[in-house]
């Protein structure tokens, strides 16, 4: 029988060195809060209870999680005094089940992997397992003290370590998997009789050893998995490390980056073969790229699906759009939510499309706004065409049927339908439906005054 798993996330720190009114765990890395990373990772496991210990900015933290993770049942526990990590876990005891085991994690250590946590959980055979790492420079970190047989005896904090103990290079990450029964047994016994006058969570290791419990230790695959964030520099460094990992994974999947250090992935990116990504491209949310997609510099793509063989030219913004195969976009195009571009369509420079469908092979090449519209197959939309979809209160639909031709600088005042193969003369204001195959004019007749004299200065 699998032991029930609780997750305790310590998220009470203020993060003074961040110089921010926002709690540290709400700072963002790769477009997601630090705490959000931890929640997403641990809930890839089978978790029975989630307890978050909050402190500074607790209302902000709870509001953020309620908005982003409404589907997760979370127990919130306040740590009103910052008395150390041991005290932070201790305040959860009234909500922590007596049975099962708990992963103890940190809201400012965002990149521990699901695989590492699963291995840590599996290693907890005797009651306590912990994540450790051997580093070149252990200064400031808790040292793992082992006996002659190699068994863990204790964790010694930097300020309490002797000169010999300070030479130890194996350090404590602070991440544990502990039987709940042992937490209920050991945490009430913690003392703050140390240099920091804090209640150290690390003391439960010493207590477990005194009870004859063998402490299991594993190391993460990547050093960055245990790196915490205390200031802006560390946050920026961890951001670049994580982006490097994401880019490397995509390169292994066949993506070519013009410069792997100049791309940001702030979510999940699924890719086909032979994708090219130029410099300065940002992916946000859940994005999918088909085969042979070519994305030029400076584009922002958010929660969108891009079909095979699409070419996205520089500085386009694509937000919650679905793009078919063989589509050309940009430069400087803006696709807003609920835009659908069918196969082989084209959207050119300085075109904005919102909540509209552009049919197969249709073109909107220049300086146009298409909103709340359905555009059929083989339609040509000339430069400067505007669908006037808003009357100040309501949005209305524009329908342009197959093979229609919309002349430049025309305004289509919705609700309006342009029939199959209809032609709209340039400069028209169309306020009524246009029949199939008709030519519609909606402008004043041209007037010419011969020998006109311009005004002159007096």
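The backbone N, Cα and C atoms fix where each Cβ goes, glycine too.
DSSP assigns residue 366 (active site, proton acceptor) to a strand. Within 10 Å of the Cβ of residue 366 (active site, proton acceptor) there are 16 other Cβ atoms, across all protein chains. What Swiss-Prot lists as active site, proton acceptor is 366, and the listing cites sequence analysis.
Same-chain residues at least 6 positions away in sequence with a Cβ under 8 Å from that of residue 84 (UDP-N-acetyl-alpha-D-glucosamine binding site) are, in sequence order, 192, 196, 198, 199, 200, 201. Here Swiss-Prot flags 10-13, 24, 79, 84-85, 106-108, 142, 157, 172, 230, 336, 354, 369, 380 as UDP-N-acetyl-alpha-D-glucosamine binding site, drawing on sequence analysis.
Taken from Swiss-Prot, the feature Mg(2+) binding site applies to 108, 230, supported by sequence analysis. The C-beta environment of residue 230 (Mg(2+) binding site), restricted to residues of the same chain at least 6 apart in sequence and closer than 8 Å, consists of 15, 17, 18, 24, 108.
Annotation note: residue 426 (acetyl-CoA binding site) sits in a coil segment as assigned by DSSP. The acetyl-CoA binding site annotation in Swiss-Prot covers 383, 389, 390, 408, 426, 443.
Swiss-Prot lists 1-232 with the feature region 'Pyrophosphorylase', giving sequence analysis as the kind of evidence.
Secondary structure of the region 'Linker' (233-253) per DSSP (helix as H, G, I; strand as E, B; remaining residues coil): 20 helix, 0 strand, 1 coil. Annotation comment: Swiss-Prot describes 233-253 as region 'Linker'.
Marked as region 'N-acetyltransferase' by Swiss-Prot: 254-458.
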Practice prompt. Would you count the other CB atoms within 10 A of the CB of residue 383 (acetyl-CoA binding site), including those on all shown protein chains?
Written response: 18
Worksheet item: Among 383, 389, 390, 408, 426, 443, recorded acetyl-CoA binders, what is the largest CA to CA distance in Å?
Response: 22
Discussion item. Tell me the Cα distance separating residue 380 (UDP-N-acetyl-alpha-D-glucosamine binding site) from residue 443 (acetyl-CoA binding site), rounded to the nearest angstrom.
Written reply: 20
Discussion item. Can you tell me which of the binding-site residues 10, 107, 389 is spatially closest to residue 366 (active site, proton acceptor)? Compare CA atoms only.
Written reply: 389
Worksheet item: Using DSSP, would you call residue 84 (UDP-N-acetyl-alpha-D-glucosamine binding site) helix, strand or coil?
Response: coil
Worksheet item: Cβ under 8 Å to the region 'Linker' (233-253), counting only same-chain residues 6 or more beyond its ends: which ones?
Response: 18, 27, 29-30, 110-111, 222, 224, 227, 260-261, 263-265, 269, 271
Worksheet entry | Among 107, 336, 380, which are recorded as binding-site residues, the nearest neighbour of residue 408 (acetyl-CoA binding site) by Cα | 380
